[in-house]
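Chemist: Sharing the features that TrEMBL gives for it:
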DOMAIN    125-306  domain 'Malic enzyme N-terminal'
ACT_SITE  Tyr148  active site, proton donor
BINDING   Arg201, Asn456, Asn500  (S)-malate binding site
ACT_SITE  Lys219  active site, proton acceptor
BINDING   Glu291, Asp292, Asp315  divalent metal cation binding site
DOMAIN    316-569  domain 'Malic enzyme NAD-binding'
Amino acid sequence: MLPFKRAKFLRQALGLYERGERKLRRVMEMNGEKSVDFEENYGVEDQAITPWTVSVARVIGYSLMRDPRHNKGVAFTEKERNAHYLTGLLPPAVFSQELQEKRLMKILREYEVPLQRYMAMMDLQERNEKLFYKLLIDNVEELLPVVYTPTVGEACQKYGSIFRRPQGLYISLKEKGRILEVLKNWPEKSIQVIVVTDGERILGLGDLGCQGMGIPVGKLSLYTALGGVRPSACLPITIDVGTNNQKLLDDEFYIGLKQKRATGQEYYELLEEFMCAVKQNYGEKVLIQFEDFANHNAFELLAKYRTSHLVFNDDIQGTASVVLAGLVAALKLVGGTLADHRFLFLGAGEAGTGIAELIALEISKKTNTPLEEARKKIWLVDSKGLIVSSRRESLQHFKKPWAHEHEPVKELLAAVKAIKPTVLIGTSSVGKAFTKEVVEAMASMNEKPLILALSNPTSQSECTAEEAYAWSEGRAIFASGSPFDSVEYNGKLFVPGQANNAYIFPGFGLGLIMSGTIRIHDDLLLAASEALAAQVTEENYAKGLIYPPFTNIRKISAHIAATVAAKAYELGLASRLPRPTDLVKFAESCMYTPVYGSYR
């Protein structure tokens, strides 16, 4: 409801409220009872009240200031203040949105603790939505690490302590059998993107249960800021089936179910009901993005629902797409084609195997060779050593395609020496796993070793940018999952790239939405990777970067969206007809812009 319509409605409601209050006071006085404050005392003991009737009766302007979607704070003009009953509720000064932004950035920079900045940003999002997104868009390189990795990891760990106001839907085992009813409690009806987690594997931090809500909230903030998806079309959801984290179970402030995790049939029945309810309530084209599910559930859920729903697992598919983009871009620095390189992974979970599969798929398509043959260029190391054919019977199903013929190798360093990779990729969540000896071995075999330390948050990174450059004598091409500062080595400045999923999923999701795509095909992921790689400039390469800077992320997202949409139309997966003539311009026209409007 627009503010001027809201004002008319609230004035009518206020009249009804005041008449009701006067009648109650007269009745009480006739009965010799003491007059009471209608809102504060009526129904305090035995008589119940309906909260929304009390809220409606609040002064109109006061309510407007507490509506984050329409609130402008001190940016309300004199005319707007008079028209919407705001006079006196704000200090006299009128600030522009730009001045508000400058003031808030000054405040944020004064905080020394990253979690304080995170909390300040979340508070801003809850009171002034447009200012939050403008701040994030205009200062994306500075604030991205605040609202997402690495700070969001600490926020999730402490979510019970910093929790103030729900920012999404919580669906627990207690709601089994009525999930559709719970979805209908969400006030927005036109949902286009849902990001959902069960909190079992939050970043590299493990089982954080219900406190994993920080991940869907953060991801959807980026969908809006970086991809231009409307905030009202985004819905963060946490599915709470308990936690096996004993520290949380013993914490009196833990906000989730205090029970061990449900597994097996009970778990999958709840997820089935959830998926059916989402489709029934929001339709065929709602994008459901799975986040931070444990490996054993992530692969099974993606395989089960990818043929019946528009589903996307960012840990498997998004990570794969952004890493493939970096590898394609890096070819200009290291030479050759993807098929000319050998890849060694430390980590064989959903991220590692997802990246490996997409690399193999790209090699297969570019060389016109069978996928099984392309996989032979890729080797994986898990906690038990190199994945080889002699281990096949004991391997989880998603690791079996990578069990190649080779003698067993236990240690990463030995695997590097045996496989002689040109590319080393870390998805292990084991901090400092790329030791000095490992990096030196890579450098001894390759003029420009490509080293990607992708684990999040920063504490789990396999090595730092400084270590990669120093141990390779400044020859490594390095990128990481969490951000690292620039490094000076032997008088040369190196700028480490960040293989951040935020490069891919906002634009990818926008491309699906604007084309009305109903299913996700692997070719859409390949298209997104190639679109991102194409955005790396010669200036970026000169600094050793294999990803473009985030300062142009909305432009990058528009190009990714257009490329993904074009591929969807080509594959017959798009339902929005006719196809727009200029998909890049159409993508830009679809993007939400957080600029204040004028209220009559």
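From the backbone N, Cα and C atoms, a Cβ is placed for every residue, glycine too.
In TrEMBL, annotation is done automatically, which means it is predicted and not curated.
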Chemist: A 10 Å Cβ contact count, applied to the binding-site residues Glu291, Asp292, Asp315: which residue has the minimum?
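Modeler: Counting other Cβ atoms within 10 Å of each of the binding-site residues Glu291, Asp292, Asp315, the minimum falls on Asp315.
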Chemist: How many whole Å apart are the CA atoms of Asp315 (divalent metal cation binding site) and Arg201 ((S)-malate binding site)?
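Modeler: Roughly 10 Å, rounded to the nearest whole number.
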Chemist: Looking at the recorded positions listed here (Lys219, Asp292, Asn456), whose Cα lies nearest to that of Tyr148 (active site, proton donor)?
Modeler: Lys219
Chemist: At a 10 Å cut-off from the C-beta of Arg201 ((S)-malate binding site), count the other C-beta atoms across all protein chains.
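Modeler: 24, counting other Cβ atoms within 10 Å of Arg201 ((S)-malate binding site).
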Chemist: Can you name the recorded positions among Arg201, Lys219, Asn456, Asn500 whose CA is within 10 A of the CA of Asp292 (divalent metal cation binding site)?
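Modeler: Those near Asp292 (divalent metal cation binding site) - Cα within 10 Å - are Arg201, in sequence order.
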Chemist: If one looks at the chain holding Asn500 ((S)-malate binding site), which residues at least 6 apart in sequence have a CB under 8 angstroms from its CB?
Modeler: Leu144, Thr149, Val322, Gly481, Pro483, Tyr547, Phe550
Chemist: Do you know offhand how many angstrom separate the residue listed as 'active site, proton acceptor' and Asn456 ((S)-malate binding site) by C-alpha?
Modeler: 15
Chemist: Would you mind reading off the Cα separation of Arg201 ((S)-malate binding site) from Glu291 (divalent metal cation binding site), to the nearest angstrom?
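Modeler: Rounded to a whole number, the Cα-Cα distance is 9 Å.
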Chemist: Roughly how many angstrom lie between the C-alpha atoms of Asn456 ((S)-malate binding site) and Glu291 (divalent metal cation binding site)?
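Modeler: The Cα atom of Asn456 ((S)-malate binding site) is 14 Å away from the Cα atom of Glu291 (divalent metal cation binding site).
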Chemist: Across the listed (S)-malate-binding residues, Arg201, Asn456, Asn500, what is the farthest Cα to Cα distance, given in whole Å?
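Modeler: Of all Cα pairs among the recorded (S)-malate binders, the widest measures 18 Å.
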Chemist: When the pLDDT values for the domain 'Malic enzyme N-terminal' (125-306) are averaged, what is the result?
Modeler: 95
Chemist: Please list, in sequence order, every residue of the chain apart from Glu291, Asp292, Asp315 whose Cβ lies within 8 Å of the Cβ centroid of the divalent metal cation site.
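Modeler: Everything else in range on the chain: Thr197, Arg201, Ile202, Ile215, Phe290, Phe293, Ala298, Asn313, Asp314.
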